[in-house]
Structures are given as C-alpha cells and as structure tokens.
Amino acid sequence: MALRFPPRLLSQLKLSRRLNSLPAPVSEDSEDESLKFPSNDLLLRTSSNDLEGSYIPADRRFYNTLLKKCTVFKLLIQGRIVHAHILQSIFRHDIVMGNTLLNMYAKCGSLEEARKVFEKMPQRDFVTWTTLISGYSQHDRPCDALLFFNQMLRFGFSPNEFTLSSVIKAAAAERRGCCGHQLHGFCVKCGFDSNVHVGSALLDLYTRYGLMDDAQLVFDALESRNDVSWNALIAGHARRSGTEKALELFQGMLRDGFRPSHFSYASLFGACSSTGFLEQGKWVHAYMIKSGEKLVAFAGNTLLDMYAKSGSIHDARKIFDRLAKRDVVSWNSLLTAYAQHGFGKEAVWWFEEMRRVGIRPNEISFLSVLTACSHSGLLDEGWHYYELMKKDGIVPEAWHYVTVVDLLGRAGDLNRALRFIEEMPIEPTAAIWKALLNACRMHKNTELGAYAAEHVFELDPDDPGPHVILYNIYASGGRWNDAARVRKKMKESGVKKEPACSWVEIENAIHMFVANDERHPQREEIARKWEEVLAKIKELGYVPDTSHVIVHVDQQEREVNLQYHSEKIALAFALLNTPPGSTIHIKKNIRVCGDCHTAIKLASKTLVNTIASNVELESAVLLASSWSKITPTSVMTYDAAKRSKLESLTL
C-alpha cells in the first residue's frame, strides 16, 4: 500500500512535538473534589431495562470511569449499556467521550462497533484516528490500519509516536511488507526516528522482514532504549538463527540495567533450541532462576522444548513438573519430547494423563502421540489414536496422514500403507509418498520404493533426499546399474545431495565433522580413540552393516569406509575432549544411517559400564528404541567459508 505524506504535515509535526511539552489546560471536570453520584458499579450491575429508571447524574468523569472499567475488564455488554445512556445525555457529541467509547470497543475487540462510533462522531481529532488505527493494528487487521492512516494524513491530522508505533506494527504484520521503508523515512522527516516507542516498532518491523542490518541502525540511533527495544532486537536475531548475536545482546541488556522479560527468555530458549546451543541455554536458564523469575508457561514451554530437542529428556520432564500453570502447549512439548526420542509408551501414558486432567488434545497432541507410536512400533495403539482423533472432531491434516503411513510402513505393512494413501480423502503430498519411500528403504522393497519415488519426483523434483534414498535402495540390493541411472538423473537435473555433517558442542564451541574428515588437527588421536571404541563394541556383538555403504567397492573397503562416518568421528572427538561424567550430545543435519545408530547405542552401553560408571552418553541422534526414526534435531549454522568447503566435499 503506497503512503502519501502531505508536505505541510512535516512542519506541523515538528511544531506539535514542541507544543506537547506545554502543560495541558485544566477543564472544569478535572477539579479534585469528591463526586456525589451512585457507585461506579451501578451501571455494570444493571440491565438495559433497569437503566431507564435509574438516577444517573450526567457527569463526564463518571462516564469515563465506567468506560475505563469496561475497557480494562473487557465488559463489552456493560459498555454497550453505558454507551446507550451516553446517547441520551448532553455528552453524546462530546469528542472526548466519543474517543473513550471508541477505545472501549476497540480494546474489547468489537472493531465494527468501534468503526460505527468513529463514523458517527461529528468531530475527530488525532486521538480519534490513533485509537481506531491502534485497534485495527492490535487485532491483526493491518490493511485497515494502513488504510485509515492514509485517510488520517489526507484529512491533515498529525500523528504522534503512538500513532506511528501502531502503523509500523501493522506494516510489520502485513504480508507483502511493502511500506516499511516508506514509514521509516516518514518517521525520520518528522523527527520521530530516535523516539524509543517508534524505534522499538521499527526494530520489530525490520527483524520480521529479516533486515537485521537496518534493525541495528535503528537500535543504534535511539536516544534512549527500553526493555521493549532490547527485546525486539534480541527476538529478531533469535528468529533468524543468530543465536550468538542474541546472547551477546542479552548480556548487553543486563549491563545496561534492564530486567529481562519472559519474552526475552522465550526468544533465547527458542534460539538455543533451534541451533543446539544447549550450554548457552543452560546459562540463560541459570540466570533466570537466580533472578527469581517464576517459570510461567510462555517461557517454560520454550525451555522445555530446548531441553527436549537437545536429548535431555530428564531435564525437560523437570521443567514440565515445575511449571506454575500448564497449557496445551506445555503438554504437547512433553509429548513431542518423548515421541522424538523413542519413548513411545511414556508418550502414550502422558497423552492419557493429559486427557484425564481435563486438557483437551488438539491436532498437535494427536500428531505427537501418533509419532510416538510410529517410532516405537505401537501399531495398534497408533491406529486407535488415529480413529480417536476423528471421533473428537479433529480433521486429519497432511502431517497426520504422513505419520500414519510411517506407522504402517515401519510395521512392515507396506501394502496397507499404499491402500491407505490411495483411499485418503486428500491428494497425497510429497511428504506422504516420502514416508512410504522410507519404509521401502527400511524393508528393502525395491519395486514399491521406485513407485513411491516417482510420485515424489513429480511433486517435489528439487528435493535431493528421495533421489538418495532410491539410490540407496538400489545399491543395497546390488542393482548398481539402476543406482547409476539415479545418480545420472540427479546430475542431469542439477539435484545435489546435501553434504552430511555432525557436530558436538564442547566448552561453548561447536566442532563440526564430515565423513573421512582428515583436516582436523586431532585426526590421529580421533582415529585411535574410535579404534578403541570399535574393539569394545565388537565384544558386544557389533558387526558392521555394509549395506549402508553406497559405493560399489569390495567388502573390506566397505567396512573401512563405514567406520569414518561423521557421527562416529564426532563421538571419538567428544570422548577425547570431555571429562568423565560429561553428557555428550551429537547432532547431525540429515538422517543417521542404521550402522551408526547401532554402533553408538552399543558404545553408550560399553562406555557406561567399563570406562566410567558415572559417564552418561546421550546423543540427540540416538534414540532409545530400535524402532526410532532418527532425525536431525537442529540446523547447524556455520560461516560461509566453512559451508563452501563442506559443499565441495564428495560424501
């Protein structure tokens, strides 16, 4: 939406800012004396019928008090009663009374009634326009807010910092994001760019657009900063996976003497969760405890999610137990934690407990319990919850169907999974066919795998994953000509396999590895450490599963190739560089191969039993159940130079 700013407004705005510093005139209604009229609650306890017979004095302050009470407590029906009485009073055309009524309706969410009050007002001032614009902005109607701001300017009214803050908020929510820079330029010309309220709104706008450099310029230009401006910039970097910058800003906020809000904590926990910065997240959590902050659901849910995604299920459960109040998001976070890490029976128990205490499961709850059943091989239970979801009136969405296909496929019932896809009421998505393709890889069903892959290629031709899975299916079955045909097709189509990498966090530093990584300065020590681990797990019955080697070489070379996958290198490095008793979290950007899954699970047992009794080895890619679907828990961020080197490697 194009915004037109009349030139004469600029000088008026600068003048109005000087006038705003003058003392306001005192009206006759503002005298500090006791008013003799019935209780403020009178109208709030009456019905419209009783109102007509009541003696209510015509006093502006009385009406204002009642309307403010209706506004604060969202008493829309009582507010309408007050409105009806005002229409019969001498204040029916009073501009201040009209603004108060407009604000009451807007804050109560009745924007159509607010609009009617606005249209019937014989006179309007900038407060009138600001109130309506703010109402639209606060209730997710950004287009209306921008439209009325345009009209406000055309009628010659000068916006103040609160008007501009509301309009900028609306622009940030407007999907096209077409007028953010225009509004910023207008604020600069009017002299509001360094205002903390306007600046905080601009910060939020630019961070939502992903324009972090512009956001930083706004932040640096602020005359003063408040907790809102700090939180806006922190949240922006957190949303954009700039976790290190968000943490740096958090420390700057503390140095400047500002107290973090639950919004600050939630942003940081979310950022640490998405990037795997568990130790930094623990530091923020420790500061939160030290500050005496209560663990409310808003921040607590993101904290629970952070521990869960990092594989610290025990800590996630402790957070859940300590929440002062649990909402459906809290329960879903716990269910998801158990589901993703293979604790299917526990997830089912907590789902039933959720229903028992009266929390109604939503579509996310059912998705979590279906995922848990799928990962743990609970076919009958999973099918029961799928049917229960429909009985509860929740219409299954695409991801529910994906999970049911995964449930059937993992159980080996591939024909039933195919029938389910063919009979579902929606058009199968690429993700649904991918679930069937993965099941075919797991159960080595080449023909059905090729059939599923063709559907995926048609629906999502740019995704390299299905090409790699089909290649693996052919290669593991010894069909090297078909495998070569898939690789040729990938090359001709320009589809590139995502480079696999694993990483581990040690002493607040992220160490990243790729397969056969020979660049690391500790590579010889890492190789020796893995040989030690390999010898121990072979004693427990480990046999290399060379079907996961997709290169056409002899058996001996396959076994050697298998032992230097990135997650095994990461484990050996972590064992070398962490003291006994440390928890090791290994993460990977793509699916972990079955051999690495088995090797790390056995390594966990032998390390706990023989190296140190207090060693706890947890891997975010290692799940407790052999049925577990091992998926990446976060996306690693690394600089462009490292990424370029990584992508140049042939894995």
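Each residue, glycine too, has its Cβ placed from N, Cα and C.
Annotations in TrEMBL come from automatic prediction, not curation.
According to TrEMBL, the domain 'DYW' annotation covers 541-610.
The repeat 'PPR' feature in TrEMBL is assigned to 94-124 (among others). Within the same chain, residues 60, 63-64, 67-68, 70-71, 74-76, 79-80, 83, 86, 131-132, 134-136, 138-139, 141, 144, 157 sit at least 6 positions outside the repeat 'PPR' (94-124) and bring their C-beta atoms closer than 8 Å to a C-beta of that stretch.
What TrEMBL lists as repeat 'PPR' is 125-159 (among others). Within the model, the repeat 'PPR' (125-159) carries an average pLDDT of 96.
According to TrEMBL, the repeat 'PPR' annotation covers 226-260 (among others). Long-range contacts of the repeat 'PPR' (226-260) within the same chain, counting only residues at least 6 positions beyond its ends with a Cβ under 8 Å from a Cβ of the stretch, are 196-197, 199-200, 203-204, 206-208, 210, 212, 215-216, 219, 267-268, 270-272, 274-275, 277, 280, 284, 287-288, 291, 293, 635, 637.
Look at TrEMBL and you will find 327-361 (among others) tagged as repeat 'PPR'.
For 362-396 (among others), the entry in TrEMBL reads repeat 'PPR'. Beyond its flanks by at least six residues, the repeat 'PPR' (362-396) meets 328, 331-332, 335-336, 338-340, 342-345, 347-348, 351, 354, 403-404, 406-408, 410-411, 413, 623, 625, 627-629 of its own chain at Cβ-Cβ distances under 8 Å.
Among the features that TrEMBL reports, repeat 'PPR' is placed at 463-497 (among others).
Counting residue by residue with DSSP, the repeat 'PPR' (125-159) contains 26 helix, 0 strand, 9 coil. DSSP places the residues of the repeat 'PPR' (226-260) in helix, strand and coil in these numbers: 26 helix, 0 strand, 9 coil.
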